[in-house]
Amino acid sequence: MSDTSIKQQSQLTSGDFTAAENPFELFAEWLAEADRSEPNDPNAMALATVDSDGLPDVRMVLMKGYDADGFVFYSHIASQKGRELTANPKAALLFHWKSLRRQVRIRGTVTPVSDAEADAYFATRPKQAQIGAWASKQSQPLESRFAFEQAIAKVAARYLIGEVPRPPGWSGWRITPSRVEFWHDRPFRLHDRIEFNRDTPAQPWTKTRLYP
């Protein structure tokens, strides 16, 4: 590794964010570190949506991919988050890596992934998880755990042999960010914060330091 590369890596990992030219570069570095240090699910993120009354809802989901177009997760379309994203396709995300004392906040617009993308990801899931996606009516009232187990057994019998197709009501979303903020803990609450902004995906990012 060259001296320049070592210096840039040090800047990215030390909280000196001047080396980062776009948020995806810095996010990739932080996620790689979280993958090494977090005991569970470094790709876990809080997803915030709003209902028809403007009241917020937030829950933890797993990021299943990201690139320059945004951050991807999957769920049932008829779930509470799915209904809220259909009615108001805007959302916020929060990654918090306690072991690194860092967090990343993201806001942006939401679009469904393509059927081909959803099919490809669903095919990678364990078969029991695929069966669960068919058996669950996510966010709907459930009579009992036994009723759910019966539904799982029924689906498992149907797909005892062969591949399990993706349920028509199960898919994914991509959050295309317009704002990404990185926060790094410092002693005495003198934290580091840097914010990236853009109005549209076609525009370049602007970078601003923020007071803690």
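Using the three backbone atoms N, Cα and C, a Cβ is placed for every residue, glycine included.
Copied over from Swiss-Prot, here are the features:
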BINDING   Arg59, Met60, Val61, Leu62, Met63, Lys64, Tyr74, Ser75, Lys81, Gln103, Gln138, Ser139, Trp183, Arg193  FMN binding site
BINDING   Lys64, Tyr121, Arg125, Arg189, Leu190, His191  substrate binding site
Remark   = Spacing of the two Cα atoms, Arg59 (FMN binding site) and Tyr121 (substrate binding site), in whole angstrom, works out to 21
Note = Gln138 (FMN binding site) to Arg125 (substrate binding site), Cα to Cα, whole Å, comes out at 18
Ask   = Which number gives the other C-beta atoms within 10 angstroms of the C-beta of Lys81 (FMN binding site), all protein chains shown included?
value = 22
Inquiry  = Spatial neighbours of Tyr121 (substrate binding site) among the binding-site residues Val61, Tyr74, Lys81, Trp183, defined as Cα within 10 A: which are they?
reply    = Tyr74
Query = Near Lys64 (substrate binding site), which residues of its own chain have a C-beta under 8 A away, given they sit six or more steps off in sequence?
reply = Asn43, Val72, Phe73, Tyr74, Tyr121, Gly172
Task = Identify, in sequence order, the residues in the chain of Val61 (FMN binding site) that are 6 or more apart from it along the sequence and have a CB within less than 8 Å of its CB; answer 'none' if there are none.
result = Ala44, Met45, Leu47, Phe73, Ser75, Lys81
Query = Which whole-number value in Å describes the distance between the Cα atoms of Met63 (FMN binding site) and Leu190 (substrate binding site)?
reply = 30
Inquiry  = Are there any residues at least 6 positions away along the chain from Arg189 (substrate binding site) with a Cβ closer than 8 Å to its Cβ? List them or say none.
reply    = Pro212
Query = Secondary structure at Val61 (FMN binding site) (DSSP, helix/strand/coil)?
reply = strand
Request  = Could you tell me which of these binding-site residues, Met63, Leu190, has the fewest other Cβ atoms within 10 Å of its Cβ?
outcome  = Leu190
Request  = Taking the Cβ of Trp183 (FMN binding site) as the reference point, list residues of the same chain whose Cβ is under 8 angstroms away and which are at least six residues distant in sequence.
outcome  = Arg102, Gln103, Val104, Arg105, His191, Asp192, Arg193
Remark   = Close in space but at least six residues away in sequence, with Cβ under 8 Å from that of Arg125 (substrate binding site), the same-chain residues are Ala133
